Amino acid sequence: MTQKELAQYGAVTVSVEDEAAPLTAVAAPVGEDEGESWVKAHDVELAESGGAQPRFRDVTFAVLFYAHLAAMIYVGVTQGTWGEEDASTPSSDDTTHLTRVVCYLVIPSIAISFGLAYLLTAAVVPSFPETAVKASVIMSLVWTGVVTLLVIISAPGLWSILVMGAFFALMCWYVKKVWRLIPFAAVNLKAAMKGMAANWGMYLVAICFTTVLGVWVVFWMYAATGVFLKEEAQDVAEGEPSGQVHWGILFLLLVSLYWTIMLLLNMIQTTVAGVMGTWCLAKEDAQSCCSPAVTSSLYRTCTYSFGSVCLGSLLEAIIKALRVMAEMAKNQARNSDDECSGGAAILFCILECILRLMEDIIEYFNQWAYVFVGIYGYSYIESGRKVMELFRARGWTALITDDLVGYVLNVTAFTVAIFTGLIAVGIEAGASSGMGDGTSYLFGVIPEDGLSAGWSAFLVGSLLGLFIACVMTNVIKGAVNTVVVCYADSPAMLEQNHPALTYEMATSWVAVFPDCGVRVPPREPVATVVV
């Protein structure tokens, strides 16, 4: 039975024969059958042909989302407005300068930032992953020290020295504790970046989804403004004071906003899991921009697993909406003259803290649940349960609590933003050369009290660079989670596809977590792979 025959859904379904292959890094058996992977030992539904049969999961929530989307479109079309219409229209000069900014700054900045981010994540960082992690951690510590000094200088006093000194000491202690985890974080980051570089079309998919997200936010604001203005007009007509908060309508609108936002973001992560899982376990289908891994993973996310993504996103949306409403109620109570407003503000503050905690928990739960949704096509609830069972079975519960990858990715995004902004300044200077002072070819006449043309160009370029880089680094974050799950679940198949990389992962993981259930034979990794 070949891996391709087993790849009808997700990356691949592990068979007993695959797990029996020679290993340079062998996971401790967890099922009754010593050769079975964790997934096989926990009742994966297999078709008679041996492959995992695709099934539509959590269909009810997919239907519910489409019904909500249709309702929002109807509300936007019938009630949407931006409020008082501005009768003024842009002049021809404004249109000309806007066109120049788009052609000379926006489009080149997007292309440049994508190229820079791809170069850093595909070539530079994977070549020196451990150095990159160490440098990022040190930069974070230095930045904390700078902030500490600035606060002490700006607000000198005993308390500021004690508080900021304790904060900096805590950061130093943290760096000391996580320093041993750097090899572990580096090898995960290297694997994720290599997998995404081989399937870089996933970055384009993520950018498209994020662009749709921006369009949705604009449309939601248009529809919500119309709804709120209509309710305010109705209150005035009924003699009620204006400015009242209609909590029921606000809750529904916030759920709609966050549900769609989280759905688009989670669809990216689910697709990334499918692509990275294929690269880990069946790499012949994941070796190009628009590889079968990219196209099939995107198709499964938009069809079979769409309901599961809708369910997880809805849970996040409800908690986020409640948290925003609790924050609004807290602020309203603080500004009230009522005698009981102080106690109400405290209660709402406590409620807000509880909801923030719940929000963090479900976001953390979802980032792992969507890995199994993307790879194996489980339902949402089942995916989360199986991820937790997997790490408990391997003895790696502590493994998923440490994350140093974010330091490197944040520095990468910041670097891309700075360089893109500087290049945008150069473009603006070149385009405006020969023009008089106070006049820019791209921005026109610059007001004396406004931003200079150079700073305006830097702002446009850096923001676009940050946007593109953050989208790409978020893709890599999802890929890192997938690498962890794939190696924890099927180290044998990962070794067959990437023997040298698997050896690096095994040695670094055992060095950090000696009891993680992985043993490394005292020899160099072999190049021979039994098929």
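Every residue gets a Cβ built from N, Cα and C, even glycine.
Copied over from TrEMBL:
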type     : residues : note
TRANSMEM : 59-77    : transmembrane segment
TRANSMEM : 97-120   : transmembrane segment
TRANSMEM : 132-153  : transmembrane segment
TRANSMEM : 159-179  : transmembrane segment
TRANSMEM : 200-225  : transmembrane segment
TRANSMEM : 245-265  : transmembrane segment
TRANSMEM : 404-427  : transmembrane segment
TRANSMEM : 453-472  : transmembrane segment
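No contact links the transmembrane segment (404-427) to the transmembrane segment (200-225), because fewer than 3 Cβ pairs that are 6 or more residues apart lie under 8 A. Most Cβ pairs under 8 A with the transmembrane segment (97-120) among the ranges 59-77, 159-179, 200-225, 245-265, 453-472 are made by 453-472. Count of Cβ pairs under 8 Å against the transmembrane segment (245-265): among 59-77, 132-153, 159-179, 200-225, 453-472, the largest is for 200-225. Contact between the transmembrane segment (200-225) and the transmembrane segment (132-153) is not supported, since fewer than 3 Cβ pairs fall under 8 Å when only residues 6 or more apart in sequence are counted. The transmembrane segment (132-153) makes no contact with the transmembrane segment (59-77), as judged by fewer than three Cβ pairs under 8 Å among residues 6 or more apart in sequence.
Nonlocal intrachain contacts for the transmembrane segment (159-179), taken as residues 6+ away from its ends with a CB within less than 8 angstroms of a stretch CB, comprise 137-138, 140-141, 144-145, 148, 151-152, 402, 404.
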